[in-house]
Amino acid sequence: MAERKQGDQDTGIRSSVITQTKPKTQKPSMYRVLLLNDDYTPMEFVVYVLEQFFNKSREDATRIMLHVHQHGVGVCGVFTYEVAETKVAQVVDTARRHQHPLQCTMEKD
């Protein structure tokens, strides 16, 4: 057994240090929603889709529509995966209901 020196006290209380760590959360990956040009979908319908599903002003929607028309593809917005997936489905479903071949896709930003 260890010897006790004078002045040592055994109070029976043990102390411990509690450290608190914050959980590390990552920002979700973002995805670009893209409209693809075709020769059949009316420009006005593309503007309607941009206003309806992407909350674009008439001016912004027209600018994006012209970009899609001239360059073949255009970015409608950048969203989390679930939101982007929903927007793509909404655009494609609406285009089909109106009998337009408009294509909408998403890609990682």
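Note that Cβ sites are derived from N, Cα and C of the backbone, with glycine treated the same way.
No curator has checked TrEMBL annotations; they are predicted automatically.
Source: prediction; values computed, not measured.
Pulled from TrEMBL:
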COMPBIAS  12-24  compositional bias 'Polar residues'
DOMAIN    26-105  domain 'Adaptor protein ClpS core'
REGION    1-24  region 'Disordered'
Subject >> DSSP helix/strand/coil residue counts for the domain 'Adaptor protein ClpS core' (26-105) >> reply: 43 helix, 18 strand, 19 coil
**OP:** Could you tell me the mean pLDDT over the domain 'Adaptor protein ClpS core' (26-105), as a whole number?
**Re:** 98
